[in-house]
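Copied over from TrEMBL:
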- 3-235: domain 'Aspartate/glutamate/uridylate kinase' (DOMAIN)
- Lys7, Phe8, Gly9, Gly10, Thr178, Asp179, Arg189, Lys214, Val215: ATP binding site (BINDING)
- Thr52, Glu79: substrate binding site (BINDING)
- 331-394: domain 'CASTOR ACT' (DOMAIN)
Amino acid sequence: MNILVQKFGGTSVATNERRNMAVSKVINAIEQGYSPVVVVSAIGRNGDPYATDTMINFAKSINNDIPKREMDILMSCCEIISSVIFTNTLISKGYKAKAFTGGQAGIITNSNFGNADIIRVESNHLMDAVNQNIIPVVAGFQGITVDGEITTLGRGGSDISAVLLGEALKAYAVEIYTDVDGIMTADPRIVSNANILKKISYNEVFQLAEQGAKVIHPRAVEIAMRGNVPLIIKNTMTDSQGTIITQYNDAYNNIYNADKLVTGIANLNNRVQIVLNMANDENNIFEKIAENKISIDLINIFPDKKVFTISEQDLQKLEELLEKYKIDYTIKENCSKVSIVGNRIRGVPGVMSKIIKILSDNDIEIYQTADSYDTISCLISQDKTEKAIRALHDEFKL
Ligand code: ADP
Ligand code: MG
């Protein structure tokens, strides 16, 4: 059985025309001898009738504080609607298809509503369908607890569903269909002349995703890497070859950009820089921050102060904590973390100094930096983000 998982994102299922294009990709797979397993996201974006944000706003218009459990039940409906519509589109073209909720597809999670972790995948129901030549169409982004509670996997979670099923079904590959031709050297909405990367390693795409490139969920990349499932990012609306994500050695065999130091650039907006003016951490504040599930980043420890960044979403929670322990602090809001990623920057001297020069030549002040063996990040003012990315993209000749 040659299973091919095909995931279609929100814009790919948004209109009749796009769904027909998506269905033609499924038919194509069948004609090539694959057994497709389809995973769909919710239909459209905020404002569209069946989109997730539309539902959230509707519920919030009645009461802003929706319990997390009920929120997950509500959000899961959007992908379920999408799976039925997609199934019916396939049936209308003469194919046998069957819609599955995440739970029915066997995705078992813990009860961390809104951001549930996977416990296991029981793929026997999907396998039964595949064995009967029925195309399963699975509602992405959701699972079920052992007690039967509906859960969701967090924003972008349909990517996770697709890769999990790919791993469990021992698929030949997982194709992620979206609205761009593949993984590009930068977000094409920011850099209009960004280039498609034909091949990229799991590790680099993980870093890009982790540093804000929303084209694929970082957790999905991790799972694909764990299961050694090839991931392919493609455009629903074109016939482009897309990007193949594989092991590093495969990715750089005979590849056209193997001489380039930097693979891509990504950014994370809405970061806040925090400075704690204190010498010793008498209150174990970093432990308290972790207990409150506030994730911190770009950490620098000095004798008289501690500097780090958080997401704007966590600012209120953090401020309450710092005030409770009477810690003197200052904040800098509206920051953005711009990161360059490339497996080949490790051990190459002068990359950081080049970045510093490029940004300073463009009048962009750097508030903080961090580097690991394949990623260099700079914290800057958010209103300079696009300028910084374009300048770095130019200078590193991506
Ligand atoms: P989907 O709804 O199909 O999951 P997403 O909106 O989650 O689609 O992801 C696709 C978007 O990711 C693109 O429209 C693009 O603007 C953005 N993006 C950010 N960084 C990159 C990148 N490096 N390569 C390609 N797309 C990127
Ligand atoms: Mg997405």
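Here, residue 1 is simply the first one shown, and the rest follow in order.
Note that Cβ sites are derived from N, Cα and C of the backbone, with glycine treated the same way.
Unlike curated records, TrEMBL annotations are generated automatically.
Structure with TrEMBL features highlighted.
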{"residue": "Lys7", "record": "ATP binding site", "DSSP class": "strand"}
{"residue": "Thr52", "record": "substrate binding site", "DSSP class": "helix"}
{"residue": "Glu79", "record": "substrate binding site", "DSSP class": "helix"}
{"residue": "Thr178", "record": "ATP binding site", "DSSP class": "strand"}
{"residue": "Arg189", "record": "ATP binding site", "DSSP class": "coil"}
{"residue": "Val215", "record": "ATP binding site", "DSSP class": "coil"}
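With a CB cut-off of under 6 A applied against ligand 1, none of the binding-site residues Lys7, Thr52, Glu79 are retained. When the record's ATP-binding residues Lys7, Phe8, Gly9, Gly10, Thr178, Asp179, Arg189, Lys214, Val215 are compared pairwise by CA position, the greatest distance found is 22 Å.
For the pair Val215 (ATP binding site) and Glu79 (substrate binding site), the Cα-Cα distance reads 19 Å. Close contacts with ligand 2, defined as a Cβ under 6 Å from any of its atoms, occur at Gly9 among the binding-site residues Gly9, Thr52, Glu79, Arg189, Val215. A simple way to gauge crowding: the CB of Val215 (ATP binding site) has 22 other CB atoms within 10 angstroms, across all the protein chains here. Working note on the binding-site residues Lys7, Arg189: by count of other C-beta atoms within 10 Å of each C-beta, Lys7 ranks first. Neighbour list (Thr178 (ATP binding site), Cβ cut-off 8 Å, at least 6 residues apart, same chain): Gly9, Thr11, Ser12, Val215, Ile233, Lys234, Asn235, Thr236. On the 0 to 100 pLDDT scale, the model's mean across the domain 'Aspartate/glutamate/uridylate kinase' (3-235) is 96. Taking CA atoms as the reference points, Glu79 (substrate binding site) and Arg189 (ATP binding site) are 26 Å apart. Straight-line distance linking the Cα atoms of Lys7 (ATP binding site) and Thr52 (substrate binding site), rounded to a whole number, equals 17 Å.
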